[in-house]
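According to TrEMBL, the features are:
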| type | residues | note |
| --- | --- | --- |
| ACT_SITE | 300 | active site, proton acceptor |
| BINDING | 343, 349, 379 | Fe cation binding site |
| BINDING | 358, 379 | homogentisate binding site |
| DOMAIN | 14-287 | domain 'Homogentisate 1,2-dioxygenase N-terminal' |
| DOMAIN | 288-442 | domain 'Homogentisate 1,2-dioxygenase C-terminal' |
């Protein structure tokens, strides 16, 4: 489907707001049954259908489910069959047969838009991941490129939630709960089990996808920050009910199940939900609304201070996957190396760049590109960034980082890297060179009074050891 032929979305598309709220929406007034979820006869002859994102007995504060009132139920389709052709570059089970352990710092140039007609489904390629969709624990990180809208088909991910980060081109996403327009600088979360179609109003599109198995995204706790800050719940937008009722012979449902694709035919659009209510629904978020926090005296804050969403594990404070951003903000710390510090992390860090530059890399990290710094692999500012920062000295005034939006997917699980990502011509084999130029600045003559402080410490202790 050509960009100018894809279904038109209204310019003033309406949304509901609130993260995790129990919401309700009707495309036709009175379509929601009053007082109960599943009456013998629903208004307007609709079918009642529940979609559960958690087990029935999950704690109430974590329980996710919605009721959909639709013209025909989603069960009305032919049997699923393996998709032909299969998708060899989509992975949900990570092992030695399809991916490799690699502790080297990795970086990729922006993914190229394909020449052949490619929709969102065929444009997905897994870069790395860990765990298993069958075992309901793990994640996968994909890149997508597309140049055509999804035509007469919908996608359903039975394996987990998709968090999509567009980098180039808007996405018009039709879901069973309604429609979402998602632009670069925004994100969208499509929960496990929902059927959706992606159209491309701007033509070629590119971006990043994080997929999580066995859990769902939450807002991070704010702790001592207090009741406000970071991503505000009210800024998360959920679609309003919208439906199609026309006959669609040969319509195809493409289902991702255990990392494999299956197809089933039906004669109607899956987007036939006239009304719905619940707390399990797709949502989007504008990253420019994020309220960042930062140090106001000395040192560089840990990147966790910029967490937008987190997918927790059973261990307190340990994430299956965090979504962290590096937005425009002020740097004001005194006597401080302001770029991100040099680091070895028990977590693994996958980074992408939506637009602008990244403060720790003067060259080579481009919008649409990506990097992976695996568990305990050293990383940090490149040589140019380090030298330029030191040259500014201790008297550098406040500095505003502007016109940039980088992000990070961070996980406690060690990702295995897919072979096609390691063999890609877009992999920057010279990435390591950005640190090779770091030279020793060590001198026994301390500066800024440091030497006298050290001597005083030795003199007063008498042993040169730690003073009590």
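Cβ atoms here come from the backbone N, Cα and C positions, even for glycine.
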Extra residues within 8 Å (Cβ to Cβ centroid of 343, 349, 379), Fe cation: 340, 344, 345, 373, 377, 378, 380
Residue 300 (active site, proton acceptor) versus residue 343 (Fe cation binding site) - Cα distance in angstrom: 12
Residue pair residue 349 (Fe cation binding site), the residue listed as 'active site, proton acceptor' - Cα distance, angstrom, rounded: 18
Inter-residue Cα distance where the pair is residue 379 (Fe cation binding site) and the residue listed as 'active site, proton acceptor', in Å: 15
Among 300, 343, 379, which are recorded positions, the residue with the most C-beta atoms within 10 angstroms of its C-beta: 379
Residue 379 (Fe cation binding site) and residue 358 (homogentisate binding site), distance between Cα atoms, whole Å: 14
CB contacts for residue 358 (homogentisate binding site) [other CB atoms within 10 A, all chains]: 26
